[in-house]
Amino acid sequence: MTITFPPPLKNRSTIGITAPSNSVPKAFQPLLDLAILNFKKRGFKIIEGKTVRRETRADKTTRASELEDFLLNDQIDAIFPPWGGNLLIDILPLLSWDKLKNINKKWIIGYSDISTLNFVYTLLTGTATAHSTNLIDLSAKNWDNVTSKWLNILETDSGIFTQISSKYCQSSWEKSHKPLGSGFYLDTPTFWRLFGENKEAKSTEFSGILLGGCLNTLKTLIGTHFGNITKFRQNFIGDSPLIWYLESANVNIYDIYDSLWQMKHSGWFNNTSGILFGRFYNCQVEKDLNIESTIHSVLSDLNLPILYNVDIGHSPPQMTLINGANATVTYHDGLGEIKTFIPRRVG
């Protein structure tokens, strides 16, 4: 078996908005309304679930039921949750995975806690998913050149899709979306880093199958049948090497260290061609440990090319990375490029 890619999005495609993680309270609903308006102006139809507009997240049974209904609804072409949050893991045991393996495929799009769903959905069903911006962050009238690629890549019928690193990234959420509809506040020059790089310019290139998400949540899957990388290889990708991409937010550096250590010793990094780390947003470092020393202590013996400060995660903008897709990563002197291969659909 191989990875299955959902059909490309088209004009008049229907986007299903459901909240398998956190709902959107009243204070943030104006952003949601603007994002939906942007989608409608671009020709999309919208179906919004009852889990979306609430002051607190819906109970796990309701969230699981609505998500599954949307996945089974052939009138819906893609699932785009409003944003992430917490406790998406609670719905995983409630979904009918055997049934979901045999449905008409559709894109699931998002990051943060949504990457929990994307990761597991790809592992268990062999369906490509899109780690990308959250819907609520598309409230700006004009999207930046990196963020906007989510739509370009999901509209691609087949071929090689190229994304290049951003020129500027956002250092804090304090000034974003102010005024309403202004979007991200990109104030800091972007500079990808190659682990071990000295003052001389260095380059690297590696290829493999993309897989990853938010480290905060993926670590909870280690050792469960929802995170069985060995079985995923057996069922869908065989001996193809992986390109892992990981990002994190609002955690202590010790938590990142522990998570990477557990991933490594659980075999997740076996047969890996390279690792991409996003910008670790609001990461509390310690006197004896920072990002660079964590990578060195836990991962240097893998002898892999490792890039960090990549356009992934909670410090926008971020690239759209397709779980299950073949990709080639190229880096030179602070700049990066990711080429993703989208196969022609059969049937």
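The backbone N, Cα and C atoms fix where each Cβ goes, and this holds for glycine too.
Because TrEMBL annotations are produced automatically, they should be read as predictions rather than curated entries.
The shown structure was predicted, so the numbers you read here are calculated from the model rather than taken from an experiment.
For 15-131, the entry in TrEMBL reads domain 'LD-carboxypeptidase N-terminal'.
The annotation active site, nucleophile is assigned in TrEMBL to Ser112. The C-beta environment of Ser112 (active site, nucleophile), restricted to residues of the same chain at least 6 apart in sequence and closer than 8 Å, consists of Ser21, Trp83, Gly84, Gly85, Asn134, Cys214, Asn216, Thr217, Ala249, His314. DSSP classifies Ser112 (active site, nucleophile) as coil under the three-state reduction.
As a whole-number mean, the pLDDT of the domain 'LD-carboxypeptidase C-terminal' (207-329) in this prediction is 97. Positions annotated as domain 'LD-carboxypeptidase C-terminal' by TrEMBL: 207-329.
Of all the Cβ atoms in the protein chains shown, 27 others lie within 10 Å of the Cβ of Glu247 (active site, charge relay system). What TrEMBL records for Glu247 (among others) is active site, charge relay system.
Classification of His314 (active site, charge relay system) by DSSP places it in coil, neither helical nor stranded. Here TrEMBL flags His314 (among others) as active site, charge relay system.
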Counting by DSSP secondary structure, give me helix, strand and coil numbers for the domain 'LD-carboxypeptidase N-terminal' (15-131).
52 helix, 19 strand, 46 coil
DSSP helix, strand and coil counts for the domain 'LD-carboxypeptidase C-terminal' (207-329)?
44 helix, 39 strand, 40 coil
His314 (active site, charge relay system), number of other Cβ atoms within 10 Å:
22
